[in-house]
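Novice: Before I ask anything, here is the structure I am working with.
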Amino acid sequence: MEEAILLNQTSLVTYFRLRGLSVNHKARIAMFSMFLIFYVLTLIGNVLIVITIIYDHRLHTPMYFFLSNLSFIDVCHSTVTVPKMLRDVWSEEKLISFDACVTQMFFLHLFACTEIFLLTVMAYDRYVAICKPLQYMIVMNWKVCVLLAVALWTGGTIHSIALTSLTIKLPYCGPDEIDNFFCDVPQVIKLACIDTHVIEILIVSNSGLISVVCFVVLVVSYAVILVSLRQQISKGKRKALSTCAAHLTVVTLFLGHCIFIYSRPSTSLPEDKVVSVFFTAVTPLLNPIIYTLRNEEMKSALNKLVGRKERKEEK
């Protein structure tokens, strides 16, 4: 009997209302234009990185293999939330179906968790390349790289299935307003008709622990790298420092959000939306900028690719 009641309660809410970004009508045009530009540039920048890495054989190395994965993830991660947000800018009632909300949460956490694992793998790749250069091609051979890629995508999928499963099993029978511009687990579970304290602890121990542990591993990895480079100022070492600085910047931007949102109970703070905007719209745009501006090989390969296209057009 209790299960039947719970099923009926769960089926009462078929749509959620997204509160979105609270702005007046005059600001909507500016906000829409800004995020549309961000999204288009994110697509162009990251797709261009993937094409360049595929096209230029000099970039067929483990580091750029993982970088192409990062660019692909950034495109997908941004696409999960930004197009819906752009449509909702002009909608007075921002609705999302229960199924669409669950789907959005699944892919959001799939790409986010996969990126966390990927950034950790990239830190290990840089550690081996800089601290053990003679063993690099043995340790980071292509078989290992492919296995690592499969492992991090599998880990992201398992994590996302676990969180989504916890969310959809809860009964939703009344409140339907999500205080955000997309569906995310912390905001959705607050709408459940039962006490979610245990679920919140599980989320913190899952997402929060993954974020904190990976961040610590990353910081330790780069600390070891910096210690090994501190007394060497050759051109190759300066290049290595530049690459590590780019990686560390991306790590700080991305994991900072994850730790802020998922390492505490599901309480709304005024800063949550600002952090979420930065996480979903700004960080995927900054990644290609950071990697290309600080990477001479990428800039050279991009110039070569653009130059060849221009010559073809002239012919």
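Backbone N, Cα and C define each Cβ position, glycine as well.
The shown structure was predicted, so the numbers you read here are calculated from the model rather than taken from an experiment.
So Swiss-Prot has the following annotated:
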type: TOPO_DOM; residues: 1-33; note: topological domain 'Extracellular'
type: CARBOHYD; residues: Asn8; note: N-linked glycosylation site
type: TRANSMEM; residues: 34-54; note: transmembrane segment
type: TOPO_DOM; residues: 55-61; note: topological domain 'Cytoplasmic'
type: TRANSMEM; residues: 62-82; note: transmembrane segment
type: TOPO_DOM; residues: 83-101; note: topological domain 'Extracellular'
type: DISULFID; residues: Cys101-Cys183; note: disulfide bond
type: TRANSMEM; residues: 102-122; note: transmembrane segment
type: TOPO_DOM; residues: 123-143; note: topological domain 'Cytoplasmic'
type: TRANSMEM; residues: 144-164; note: transmembrane segment
type: TOPO_DOM; residues: 165-208; note: topological domain 'Extracellular'
type: TRANSMEM; residues: 209-229; note: transmembrane segment
type: TOPO_DOM; residues: 230-240; note: topological domain 'Cytoplasmic'
type: TRANSMEM; residues: 241-261; note: transmembrane segment
type: TOPO_DOM; residues: 262-272; note: topological domain 'Extracellular'
type: TRANSMEM; residues: 273-293; note: transmembrane segment
type: TOPO_DOM; residues: 294-315; note: topological domain 'Cytoplasmic'
Novice: So which residues does the transmembrane segment (144-164) touch in its own chain, when a touch means Cβ under 8 Å and the partner is 6 or more beyond its ends?
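Specialist: For the transmembrane segment (144-164), the sequence-distant neighbours (Cβ-Cβ under 8 Å, at least 6 residues beyond its ends) are 62, 65-66, 69, 102, 105-107, 109-115, 117-118, 121, 185, 203, 206-207, 210.
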Novice: Report, as numbers and ranges, which residues of the same chain sit near the topological domain 'Cytoplasmic' (123-143): CB under 8 Å and 6 or more residues beyond its ends.
Specialist: 62-63, 66, 217-218, 221-222, 224-225, 228-229, 240, 243-244, 247, 251
Novice: Excluding the flanking five residues on each side, which residues at least 6 beyond the ends of the transmembrane segment (34-54) place their CB within less than 8 Å of a CB in that stretch?
Specialist: 60, 64-65, 67-68, 71-72, 74-75, 78, 82-83, 85-86, 89, 281-282, 284-285, 287-289, 291-292, 298, 301-302, 305
Novice: Same chain only, sequence gap of 6 or more: which residues have a CB within under 8 Å of the CB of Cys183 (disulfide bond)?
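Specialist: Cys183 (disulfide bond) has long-range Cβ partners Phe16, Leu18, Ile96, Ala100, Cys101, Val102, Gln104, Met105, Leu108.
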Novice: Mind checking which residues reach the topological domain 'Extracellular' (83-101)? Cβ under 8 Å, same chain, six or more beyond either end.
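Specialist: Residues 13-21, 28, 31-32, 35-36, 39, 172, 178, 181-183, 188, 280-281 contact the topological domain 'Extracellular' (83-101) from elsewhere in the chain.
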Novice: Six or more residues out from either end of the topological domain 'Cytoplasmic' (55-61), which same-chain residues have a Cβ under 8 Å from its Cβ atoms?
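Specialist: Same-chain contacts beyond the flanks: 297-298, 301, 304-305.
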Novice: How many other Cβ atoms are found within 10 Å of the Cβ atom of Cys101 (disulfide bond), counting all protein chains shown?
Specialist: 23
Novice: State the mean pLDDT for the topological domain 'Cytoplasmic' (55-61).
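Specialist: PLDDT averaged over the stretch: 89.
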Novice: Helix, strand, coil residue numbers for the topological domain 'Extracellular' (83-101) per DSSP?
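Specialist: So the counts come to 10 helix, 3 strand, 6 coil.
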Novice: In the same chain, which residue numbers or ranges, 6 or more beyond the ends of the topological domain 'Extracellular' (165-208), come under 8 angstroms Cβ to Cβ?
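Specialist: Residues 6, 9-10, 12-13, 15-21, 80-81, 84-85, 88, 94, 96, 98, 100-102, 104-105, 108-109, 113, 159, 258-259, 261-266, 268, 272-273, 276-277, 280.
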Novice: According to DSSP, how is the topological domain 'Extracellular' (165-208) divided among helix, strand and coil residues?
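Specialist: Once the DSSP states are binned, the topological domain 'Extracellular' (165-208) shows 21 helix, 2 strand, 21 coil.
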Novice: Could you give me three numbers for the topological domain 'Cytoplasmic' (55-61), the DSSP helix, strand and coil residue counts?
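Specialist: Counting residues per DSSP class in the topological domain 'Cytoplasmic' (55-61), I get 4 helix, 0 strand, 3 coil.
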